[in-house]
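Structure first, commentary second.
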Amino acid sequence: MSSFRFPHGAATRFDSIGGISRLRTWTRVRVTRSKTEQGASCVVASPAQAAIFGSRPQLEIATLYRSTRLLNMVHMANAVKIMVLLAAPWLSAADMYLNSPRGSNNKLREQSNNVQNANRLFDSQNNAAAGYQIGDDCKPACKDGDNNYDVTVEGATKGTMKFYQGSELYVEWTHQHGCGVGHPNLRCQIILQYMSEEDNPSLRDGTGQTSAGGDGNDPTEAETAELVRGYHEPFDYYQSCMARERNQGLYTADQALEANGGASSTRQNPNGNGRRRGAQRHGLECPEERDYYPYWHPTPWHDIAILTDEPYERCDYYRAESQNVVAKGYCSQPEFNNPDSCAGNGGTWKEQSPFEEPPPECTGSIGSRDNHNGNVRNGHPHYYVWKIPEYLTGRVVLRIRYNITTGDFNYGSLANPKEVGAELTGSKADPFFMDRKFNDPNPGTRRRSTFAGRPAVPVPLAQDPVADWLKLGDTNQDTSRLLQLQVNTNQFGRTFEDRTHSFLVLERPANVPQVYPAVEYDFVPQDLKVEQGTLLHFQWTGSDANNNNNAGNGRAGTDRSNLVQVQSRSETVPLPLSKHTLLFNALANPDDPEGRRLADKFAYLDQDSIVTCDPDTNNQNSETNCKQLNGASAYFDGGLVEMKTVGTHHIASTRNNDFSNRSHKAQITVTRFSLEIYENIAVGVGGFCFLVLFIYVCCAIHACRRPGSWLFSRRYRPRLLHWVLRKATMERLLEERRQLVAKQRKEWAKKANAHAADEEGADVGAAEVALPEEQVTWFQGLTRCFRKCGFGEQQLTTFMFGVLNVLVFAIGFLSNLSGGFQKSWAFPIAKGGGYSMDLNFALLILPTLKSLQTTMRRVSSSREWVPIDDPINFHIVIASFTMLGAFVHIAGHCVHMYLIRTAPLIQLDPLQLWDLTPQEKMSGMTLWQQVLNIQIRCAGLTGIILTFMMVAILLTAVSCSRRGTNCLTRRFFGFNLFWRIHMSWKWIYVLLLLHAPARLWIWFFFPFIFVVVDRMLLANNQALNLSLKSVKLLPRDVIGLTFELPQGFAYQAGQYILLGWKGEWHPFTLTSAPEENCISVHIRAPNTLDWCSALRKRLTETAPGQAAGLKETKPPKAPRVFEYSKHTLPNSHIVYNVPKVSRAEAEGETRADPRLLGRNASGKVLEPARSGMTMISRPAPGMLPEEAVVLQVTGPFGAPAQKVWGFDTLMVVGAGIGVTPFASILRSVQLRARQRETIMSAATKPSAWRNMVTNEAEDSRASLQKLVEDLVVIPKKIYFYWICRGQEEFDWFCDLLADAAEGPHAGIVDITLFLTGEIELSQVKKLPCASGQFFGRPNWGRIFKQNREKHQGEHVGVFLCGSPIIGEELSRQSVKHSDLVGTPHATRFSFFKEHF
């Protein structure tokens, strides 16, 4: 008992489809055998195949080589581009036949059309009329006096083709029965392999027709060494094959195999390669290795490529089991074929190392037709471009095997039907796993017997089975309707083979530094396209051993060919030398001696140097008849010819172009030089760098000529100027700039003061703008319907934006409905999501543009259709739709990529002869190939990067991450991380343009204009240094900052600023009124907010302690006020603030680390700034005292609260610290009221002159009062609702709110306080100005109802600064209590919110 196990340790199975075996690892199986059974058993499979080849008439052969031309900025070098052009003889059709390189089909030098010895080297199974004779190089011909082939003539059988290492060899073949992924008639594999002198040092074609190894059944070493015999497989290899027992686990159907044939007995070769019935050996080929792939024992054949109809199912296995990458085992006693039987009989199981070459390329075969010479498309046959390895040299032979299998072996076919309870289920239903269990137990006994059901052993098909297949008989015993099927089980699953004559692989010439791509052509395809500057190597070979009776031109039995240029392929007459353009451009240089010499050489083949030509003879067989090229050799080497002339050049042979009998024509198209993709990228990057450098130099020149420009500023000044200009010149330009800057600053200060003086008038003008008269339009009518459904402005905008997304998605979906791989719906779904993302990305940035917000808030009607009241919320809405679109887009593409990955990998068409569709080109691409596909700009890679960036932005934008309220985000700096990741939005848009440039630039064009304008406006709105006057520490970690009003800083009540400290900028609403001579903000700074809490600690703990000289400070208790003083750094415009230290603190402690102000980091005293001198923009470390605090401001920016001046009646709701904008508004109301009184008192002061002029004082006062009210706008009624959680929140702004509410118009402000937390009644303070103070949440339904009754027919503005939850209820109540637009005397509530 023994079992077969593969050397790598796992049990193996040998499977075969039609004789080409497949080795698959699976669960270990031990198969027992009787004592009389010889050898070991293996689990193997192999169904059957069949094919027939025809023949083709003969042509000649030419080769061309091509390599690239390299360009350098310093010099230009031509690296040879080598291509191979072959004109191949046409032979009669065969089953599997190589056209290029010349396939032998066991022919050598036959002078007949048929192969004389089909067993000479290998078993081809092809038509005997197929194959090319070996090439000759006799001068002039290998003929004797009787015009018969003479092998003794020098040069006979020596017309060997030569190729270079690293070149790409064009391999072309025909297979009669077709092949390809999805082929309806069969299953197939095509295997390309090679053998070289390293595998058999005596590799040769031979000169005689005798079989390799000898004439007897058993080869001998002496006969093998005879040079007249061809010699491919080594002698020892064949001896091992004969001695080794066959693999008895193979499927053999009902064939009776020769018991003593060893591994030479197979289902397709049952007679044991000559061991029975006098059959002949096929050279030294091992039949078992020939019929099965990959073979399980060592073989001299190296794998090149496998083309299969099942690439997805089989390719991984083929590549893994190739001898290129995996060792193959054998026994020291060759008769044993597995480790167990080898060791059990005293042998040693050994392994032959792998070839250590790359695994073979495995791909899906392109589809070709049956019985059509195997043509693929456009009349072009099957081909493969093989790049000859750099390490390969010497004599080489190429082998191709074509394996076909009928579909009768598929589980579920009529010949192999499914049966209930049968063993074949699941993966075993694959015919790939057919093994010895399907063999007939009594082989050779079922031929032409009636096929009456399935026997105990499930034999799919027997030899020539007979049955009533149509069930026409009355009973099962009725034999009147029997039909016989023509089934030969040794060919139902068949392997055909062809081999080339040996050719030479030469080392790359020294003058050819790069040889790629070297594509070999015969005149099939007859179209060659090369680039200008390409060097073409022309060579061809023919045979003198053709049958003398074959129809042809010139000397009988010889092949000759030349090359002349014709005007078109439809013409026959060669062009005169003066019109040649191929070998040289006669139109440009008709006297070019080298070109004229080449034209003569290619047309006349140097016959003058071989024979004495007789121009008068017309004897077709005379070797002096040079008109018919009889004086030339069969082999011609034209050398390297540079293609210089762009255009299409038509060529023909004068001897073999007989129109009605044969056509020997082709065309060579020369195109202008073009770069590869990576070269284009390199040129593009280089051009971009050059452009940047050019712009940089231009900027440096401009800065040098105009030192007053921003390009010469300290921040942007090109470093190139320091390297080029002299020191004196540089100092002169700096001094000139100082003077210009000083002048510009004075002018700017004047303009800023004028702007501050005019700002109030501008505000008044804006306040005069009344709401437009309401007219019922189609949009307003639509608004009515949505309001009835409960949709307010913000909800309506969101809904309409969602509808717009759906519409854009539909456009993208329908536009790409049939554009996906195999018309998959995943692709249009992905495209629909992509279109939606385009829309959202185009709008995503707009809500964050502060200048755009401020401008649009000045238009009171804009909020009806643009959600400007809450831009951050709308930004989040757009971001949500963006994420939804991204999910759909990514999911669609993932499914689409998976479909491409699981599709069969189709053979590439590097010469673009088959016109593969885009789907065929991408079919079977791996995920990484799709991701890194440079043809589509690596869209997959940029998509992955974009996904990670968007997810990072999403995660850091979550409230807990942004505010740093959890340990993880706090460890990674909370808001800083959020801000920095959000600042990567510019790179996201750059990647988006790389990801989909064809469409995105259209979407981004107009938003880009808005972004540029916004950045320009912000650039003009310079950051101003703030002078801090005081810091007020309030309960619950709230601080109030009061600053001097910066020069030129004008704002409106309700607006906000960006406060900057330590490089970070955060928005805060102004709590001061524009009419005051200061600005103030209130900041809630709990410890959970990193930047805010750090600022609070700096202003109330660290800085005061350092100013007092204290090493350690304790947190101060609220309430407390810290005074600060303003200082200016010498020689700088930098303003910093230092705490004022009380006398007690100064006397109680001495400073621990006194500082000298006005010194740089090294301690050197700074010189006073001169007029016009460039100021220090950024202080170096150590220049400021340690207690210094530098604060900056930019703004102001518009906010919803600033629209309060457009309403006569207001409902103002502040929650917690949300009271800040309304404190500013209430304070501004009181100050505006005082302005009214001041104006009225000054304008109506009694005087004798006024009484003399008019008697209408009362009318004049009323008109003036109306004018003042129009100029200084104040709402008529303000309902302010303050919601606090507890008494401490109330204590924050009690004084601030009380001051804001007091004044001459205190009656117009109605303040109501709501305390919603747990509060002791004894601690509750009474707000003097409040009309009501309640415990619990407000009943907004009741409040809105009351205000509606009080203000019938008015437009009431509802403003909120606080929690979005409160905003939802206020929005709902505003919609509920508003009349429809267009209703006469309608009462409306318009809701505005601002959350923080």
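Quick reminder: no glycine exception, Cβ is built from N, Cα and C everywhere.
Caution: TrEMBL annotation is automatic and unverified by curators.
Keep in mind the model is a prediction, meaning the values are calculated, not measured.
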TrEMBL annotation (transmembrane segment) - matching range among 834-852, 1043-1061, 1271-1289, 1290-1308: 834-852
Closest-packing stretch to the transmembrane segment (872-892), where packing means Cβ pairs under 8 Å, from 796-814, 834-852, 934-960: 834-852
Local confidence of the domain 'FAD-binding FR-type' (1021-1137) - pLDDT mean: 83
Outside the transmembrane segment (681-704), six or more residues from its ends: residues with CB under 8 Å to it: 675, 711-712, 716-718, 720-721, 724-725, 733
Positions on the same chain near the region 'Disordered' (342-374), where near means CB under 8 A and six or more residues out: 2, 7, 54, 56, 93, 173-183, 185, 188, 190, 192, 298, 302-311, 314-315, 318-320, 322-333, 336, 381-382, 389, 904-909, 914, 916, 920, 923-924
Secondary structure content, the region 'Disordered' (199-221) (per DSSP, counts of residues): 1 helix, 1 strand, 21 coil
